[in-house]
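First up is the structure itself, then whatever we jot down about it.
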Ligand code: FNR
């Protein structure tokens with residue numbers, strides 16, 4: 001197997017090894033106030049929302065992870081079977097490898113085969129140009145292209161990119177690509193300053209992808225056995241911090257939240273804090289590896305049910321009403337919020 005495919009397998013294997021059922025993405029520091037007179041019936045709840053401007057039936061999806069090797073092809077297939085059965089969207093991992101090695105294209109296109117009518121998101125790094133972006137969309141007949149900004153991951157990887165000039169590529173891609181572009185992090189969080197820069201070049205859809213779940217610094221440090229001098233293990237903004245910091249930009253962007261989402265309450269908190277939808281990787285990876293597509297389908301259906309139950313409990317008819325739920329922040333998050341530049 002070539003070294004690129006091997007890296008894809010290592011990412012999955014180490015992500016799963018480091019997976020923690022409990023995680024610190026900051027959402028545990030947010031308290032939602034109960035609504036003791038909800039005045040709502042179960043059937044009145046509408047949990048539809050949008051992802052990169054496209055209507056979706058429930059406010060969460062399978063985020064980018066897999067493809068590029070025989071093992072990750074199998075994984076993509078299992079994830080796609082669950083996405084198709086439950087109607088939630090699914091993103092593939094970076095298609096960069098398929099642009100270099102046509103023999104691994106199938107590990108990505110299997111996703112579209114299994115999801116003939118649903119929403120599929122392609123994925124590429126921001127070092128790729130418009131031509132690559134078009135190929136990535138065409139390989140999957142993707143409805144959306146995710147472009148990942150993974151500067152911290154590149155820096156930790158010994159074989160990572162050292163030239164991180166990406167803005168021109170992104171600008172060209174969003175001007176010319178025929179599908180919506182969703183710019184995302186990979187678990188270190190996107191800062192307000194970077195959001196301003198993304199707004200300036202016309203980006204509308206951003207996955208804030210904060211710290212607290214899958215940690216690519218830890219994954220890359222494990223890959224090179226850098227246990228004594230780990231780099232960037234605790235770098236970045238948590239999922240809760242990214243949401244708090246993105247508040248002034250909520251009119252300019254439609255936000256996806258991600259990073260360490262573990263249950264329906266995490267999903268609801270992200271929506272209360274202003275996200276339009278939530279991406280889940282580590283939890284779904286763990287579930288599909290342990291329990292196959294059937295176990296993942298069961299989890300997704302349970303999450304849908306629980307999201308609805310929490311909306312009933314909070315007296316919210318739709319996602320927009322969740323924005324009015326009262327909440328409080330821990331003193332740590334409150335201090336973080338106070339330090340944000342006006
Ligand atoms: C990822 N992630 C990712 N993101 C991306 O944009 N392109 C990619 O190729 C990958 N690859 C990848 C592999 C594996 C095994 C995992 C677990 C994750 C990052 C992912 O989409 C997400 O941003 C982070 O993992 C944070 O979410 P979770 O995992 O904490 O829910």
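The chain as shown is numbered from 1 upward.
Glycine is treated like the rest: Cβ placed from N, Cα and C.
Features reported for this protein in TrEMBL:
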- 7, 8, 153: substrate binding site (BINDING)
- 94, 123, 184, 209, 214, 260, 261, 262, 281, 282: FMN binding site (BINDING)
- 149-323: domain 'FMN-dependent dehydrogenase' (DOMAIN)
- 154: Mg(2+) binding site (BINDING)
Determine, using Cα-Cα distances only, which of these binding-site residues is closest to residue 214 (FMN binding site): 7, 8, 153, 154.
-> 153
Checking the binding-site residues 94, 153, 214 for other Cβ atoms within 10 Å of each Cβ, the smallest tally belongs to 153
Rounded distance in angstrom between the Cα atoms of residue 281 (FMN binding site) and residue 8 (substrate binding site) = 15
Measure from the CA atom of residue 8 (substrate binding site) to the CA atom of residue 94 (FMN binding site) and give the result in Å, rounded to a whole number.
-> 10
Can you list which of the binding-site residues 7, 8, 94, 153, 154 have their Cβ under 6 Å from some atom of ligand 1?
-> 94
Given the binding-site residues 7, 154, 184, the candidate whose Cβ has the fewest other Cβ atoms within 10 Å is 7
Averaging pLDDT over all residues of the domain 'FMN-dependent dehydrogenase' (149-323) gives 96
Between residue 7 (substrate binding site) and the residue listed as 'Mg(2+) binding site', what C-alpha distance do you get in Å?
-> 13
For residue 261 (FMN binding site), just count the other CB atoms lying within 10 A of its CB, please.
-> 28
Any further residue of that chain within 8 Å (Cβ to the Cβ centroid of 7, 8, 153) of the recorded substrate site = 4, 10, 11, 94, 157
List the Cα distance (Å, whole number) between residue 184 (FMN binding site) and residue 153 (substrate binding site).
-> 13
